[in-house]
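One structure is given below, encoded as structure tokens.
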């Protein structure tokens, strides 16, 4: 009776559980547009990563399967499909086995075959030693702050061999799979890894969306050669609008040297590039390219003024980051109003007085100047 009840429960879970594909759109953020990603459900299925990281599902023809390394459909005998791995239910009967796809998923085995698949509750992982779900988090370098994102156990199972790709945690990091082994590196200086071009470049303000703007601790810091006395600075961080740097003496060194000290504005404030310190984020004139979506939290879409001299441009934000590469723009004769969350008709001069992104200024390095208003 107990066994029948267990099998009935598993059957119900199987009916209620859709086959768990990994979050393909999320991993498309790490690769170039046009990259082909394998399915974790069928060897014949794969996805094309398109603009804005939207995957398009495709299926190989008869008697062929997708091979991630050749980026195409090949005869079954020539493929490197991870679903051809040893059966996790081999030699198992009436028990559970961990999934090879994600740490919070499991299989139920009967007579050495998989008869059901399932997922643990949010906040839990499957513990093979206990044959049950326990509270915990996946131990993965590719974990993300979004609670609905479960990383694949081995990212090299889905990434093309020998090709560079980005990192979810740090915008300066790059990764590459060499015969199934993950290799990591970091871009030099203040460069970040641009997944669109597959190389290290100066950040244009859109390259770090996949990491919520997170870079290494000094990723947006000014060059150390600019810190030679306590009179230097403060200078803004190039990537995080709320961060700035103060040049202070390094008391641990002989002879006397100076180093930048990373400092953060209070919550809700940005650092002003004209040296006026921290103030309400809307009023500050920030370094062009820093993340103005910072402080927009939650899954609700929100729009903020992008730096522009005519106040027409706006960025689309969610969870503290831009979700589109290109900024939107109001029609001629309109300006974007953050408080109203839409484009208003008329002159923006009064609005610009208390909204720094609309004030006409430009920066050459850290030398910023104002210009006559564009009305």
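The backbone N, Cα and C atoms fix where each Cβ goes, and this holds for glycine too.
According to Swiss-Prot, the protein carries these features:
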- 60-73: disulfide bond (DISULFID)
- 120-133: disulfide bond (DISULFID)
- 187-200: disulfide bond (DISULFID)
- 265-278: disulfide bond (DISULFID)
- 330-343: disulfide bond (DISULFID)
- 25-83: domain 'Chitin-binding type-2 1' (DOMAIN)
- 86-143: domain 'Chitin-binding type-2 2' (DOMAIN)
- 153-210: domain 'Chitin-binding type-2 3' (DOMAIN)
- 224-292: domain 'Chitin-binding type-2 4' (DOMAIN)
- 294-360: domain 'Chitin-binding type-2 5' (DOMAIN)
- 117: N-linked glycosylation site (CARBOHYD)
- 360: N-linked glycosylation site (CARBOHYD)
- 1-20: signal peptide (SIGNAL)
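Sequence features annotated in Swiss-Prot and their locations in the structure.
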| residue | record | Cβ contacts under 8 Å, 6 or more apart |
| --- | --- | --- |
| 60 | disulfide bond | 44, 45, 46, 66, 73 |
| 120 | disulfide bond | 104, 105, 106, 126, 133 |
| 187 | disulfide bond | 172, 173, 174, 193, 200 |
| 265 | disulfide bond | 242, 243, 244, 271, 278 |
| 330 | disulfide bond | 312, 313, 314, 336, 343 |
Could you please provide the mean pLDDT value for the domain 'Chitin-binding type-2 1' (25-83)?
87
Take the C-alpha atoms of residue 360 (N-linked glycosylation site) and residue 117 (N-linked glycosylation site) and report the distance between them in angstrom, rounded.
58
Tally of residues which DSSP labels helix, strand or coil - the domain 'Chitin-binding type-2 1' (25-83):
12 helix, 21 strand, 26 coil
Around residue 73 (disulfide bond), how many other CB atoms lie within 10 A of its CB?
19
Secondary structure at residue 265 (disulfide bond), reduced by DSSP to three states:
coil
Could you say whether, by DSSP, residue 133 (disulfide bond) belongs to a helix, a strand or a coil region?
strand
